[in-house]
Amino acid sequence: MPEYQNIFTTVQVRAPAYPGVPLPKGSLPRIGKPIFSYWAGKIGDAQIGPIYLGFTGTLSIIFGFMAIFIIGFNMLASVDWNIIQFVKHFFWLGLEPPAPQYGLTIPPLSEGGWWLMAGFFLTMSILLWWVRTYKRAEALGMSQHLSWAFAAAIFFYLSLGFIRPVMMGSWAEAVPFGIFPHLDWTAAFSIRYGNLYYNPFHMLSIAFLYGSALLFAMHGATILAVSRFGGDREIDQITDRGTAAERAAIFWRWTMGFNASMESIHRWAWWCAVLTVITAGIGILLTGTVVENWYLWAIKHGVAPAYPEVVTAVDPYATATGVTQ
């Protein structure tokens with residue numbers, strides 16, 4: 001009998017194509033016929049399709065493509081419509097927000113209006129996809145853990161691009177679209193406000209980020225390690241602990257001093273992941289609105305040391321008398 005000894009899926013289970021649960025009356029139909037992919041089966045379910053978008057999903061895709069279209073063509077226009085230069089400099093191209101003098105008004109298209117329009121379409125796309133996530137879970141009788149986790153990520157996105165700029169009174173405070181431009185913005189933002197590493201909510205966000213990465217890795221590794229004992233049947237072992245759950249628990253106690261249960265590990269990971277973006281969003285909203293310089297704030301509250309002033313050397317050639325030559 002095959003055993004799960006590899007970090008990659010070595011056994012693919014092929015069942016007859018399943019179209020999905022019956023749709024409620026009035027729903028849009030599913031699109032396409034189900035197909036099977038060997039390579040998709042290496043990392044997950046081998047069946048692809050049929051796809052159900054529904055009304056909100058279709059609108060989300062349309063708005064998303066409009067945002068990508070606006071951003072892409074503005075990037076292409078910035079290199080004089082040269083496809084070769086577009087590909088060559090793609091990572092450096094961006095769509096910048098309006099200049100500070102425009103405040104929260106609607107600027108001309110060429111001076112930030114396109115950024116505002118792209119941001120609107122992108123935000124609508126994301127919000128509509130959240131509605132789709134909520135409604136699909138509701139239709140399937142599922143709890144809303146995924147939709148609320150997605151909402152936490154949307155809160156962070158809106159904090160950067162909408163809520164904080166409105167609080168600061170200027171769209172110029174928002175993040176540009178583009179790969180390197182948004183990374184440059186992040187570095188400049190941290191320098192401008194006295195180093196974000198001294199922001200306690202940034203500290204919490206990084207702690208939860210590392211924590212969620214560690215928990216997901218530990219959980220995945222543990223379940224793979226006890227899958228030969230039926231550890232992959234986690235739902236069953238939540239209420240009826242078998243040898244896999246017992247072995248996993250005692251291994252955690254031996255190596256960590258405490259252990260999660262088959263149920264609690266998922267809640268730990270969910271909360272760590274959700275709190276990563278919630279604390280990050282709070283830290284962003286406090287920056288510039290409540291705290292102007294995080295380094296000075298850290299010194300005031302005993303988080304960072306107050307470094308003494310260093311005595312500077314005097315250049316004798318810069319003095320009036322000079323020195324003997």
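Placed from the backbone N, Cα and C atoms, the Cβ positions cover glycine too.
Model, not experiment: these values are computed from the prediction.
Per Swiss-Prot, the candidate among His182, His266 that belongs to the Fe cation site alongside His219, Glu234 is His266. According to Swiss-Prot, the feature transmembrane segment maps to residues 53-79, out of the candidate ranges 53-79, 269-295.
The candidate set comprises the binding-site residues His182, His202, His219, His266. Of these, His202 has the most other Cβ atoms within 10 Å. Counting only same-chain residues six or more apart in sequence, the Cβ atoms lying under 8 angstroms from the Cβ of Glu234 (Fe cation binding site) belong to Ile223, Met262. Within 8 Å of the centroid defined by the CB atoms of His219, Glu234, His266, the record's Fe cation site, lie the Cβ atoms of Ile223, Met262, Glu263, Ile265, Ala269, excluding the listed residues themselves. Cβ-based neighbour count (10 Å, all protein chains) for Trp252 (ubiquinone binding site) stands at 16.
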